Amino acid sequence: MIKIGAHMPISKGFDRVPQDTVNIGGNSFQIFPHNARSWGAKLPSDEVATKFKREMKKNGIDWENAFCHSGYLINLASPKEDIWQKSVELLKKEVEICRKLGIRYLNIHPGSHLGTGEEEGIDRIVRGLNEVLNNTEGVVILLENVSQKGGNIGYKLEQLKKIRDLVDQKDRVAVTYDTCHGFDSGYDITKKEGVEALLNEIETLFGLERLKMIHLNDSKYPLGAAKDRHERIGSGFIGEEGFAVFFSFKEIQEVPWILETPGGNEEHAEDIKKVFEIIEKFGIEVD
């Protein structure tokens, strides 16, 4: 069974997310643990957490298919000490919010070194992750591949491996693969050889069991453009045929697919339908 969903709004409460996910045709989701554009975050109440867990069970959503995404302001690679410290403290709080809700995975962008260089940036990321992981429990941090721009660290999967190799609690660090970011950085998943190379790289660097989520996004710009502009499924440069190639791999089918495409719930429902239309149109076998 394909595990698919979208990044869902929390404006009406955490407890609305499971039902809203089912309403758009999904069985998986990603949420922000708080206002993504704020340094402020607070733990949900016991009542809110209980209601959320009840709705998860009621709507039949597996906890392995539920994810949080860290806030936009966090930058563990920042050379600015105040920003780095605030990032560490907010990430700790996000881990605690995940624990309270019962969510096992927290996705993060590794960060931007802001011109100070990859090595220094990775050192700061590792120090930040160690500070977070050594002072929290349970939740697994997912390192997401990012677009190659603005000093971003993680546009190459080997950069994510460098980070994970240096972290104390490696068992609490896994990965997310974003199709738009990867395409933006030269990973061509529109061809069978490209997907095979990607899977081989993930297996070699991390082990495929460490790939916990796929951010399923088309790209508004061509291969290697380094623009980081998501597009709706089938409407970008990956396109229907490209996604058909990607979807045909069993290793890809085993991982939850989370849409971060333009629009809200209505558009995400349409994109989920589009995914299944592509699967049917190209005769892709699904277990």
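Quick reminder: no glycine exception, Cβ is built from N, Cα and C everywhere.
For His69 (Zn(2+) 1 binding site), the same-chain residues lying six or more positions away in sequence with a CB closer than 8 A to its CB are His7, Gln30, Ile31, Phe32, Ala36, Leu106, Asn107, Ile108. Annotation source Swiss-Prot lists Zn(2+) 1 binding site at His69, His109, Glu144.
Positions annotated as Zn(2+) 2 binding site by Swiss-Prot, on the basis of sequence analysis: Glu144, Asp178, His215, Glu260. Neighbour count (other Cβ atoms within 10 Å of the Cβ, all protein chains): 19 for Glu144 (Zn(2+) 1 binding site). In this structure, Glu144 (Zn(2+) 1 binding site) is part of a beta strand by DSSP.
The DSSP secondary structure for His181 (Zn(2+) 3 binding site) is helix. A simple way to gauge crowding: the CB of His181 (Zn(2+) 3 binding site) has 26 other CB atoms within 10 angstroms, across all the protein chains here. Per Swiss-Prot, Zn(2+) 3 binding site is recorded for His181, Asp228, His230.
Taking the Cα atom of each, His181 (Zn(2+) 3 binding site) and Glu260 (Zn(2+) 2 binding site) are about 11 angstrom apart. Applying an 8 A CB threshold to same-chain residues 6+ apart, the list for His215 (Zn(2+) 2 binding site) reads Glu144, Thr176, Tyr177, Asp178, Thr179, Cys180, His181, Ile258, Leu259, Glu260.
Surrounding the centroid of the Cβ atoms of His181, Asp228, His230, where the record places Zn(2+) 3, the chain contributes additional residues within 8 Å, namely Val146, Ser147, Asp178, Cys180, Asp184, Asn217, Ser219, Lys227, Arg229. Each of the binding-site residues Asp178, Asp228, Glu260 was scored by the number of other CB atoms within 10 A of its CB, and the lowest score belongs to Glu260.
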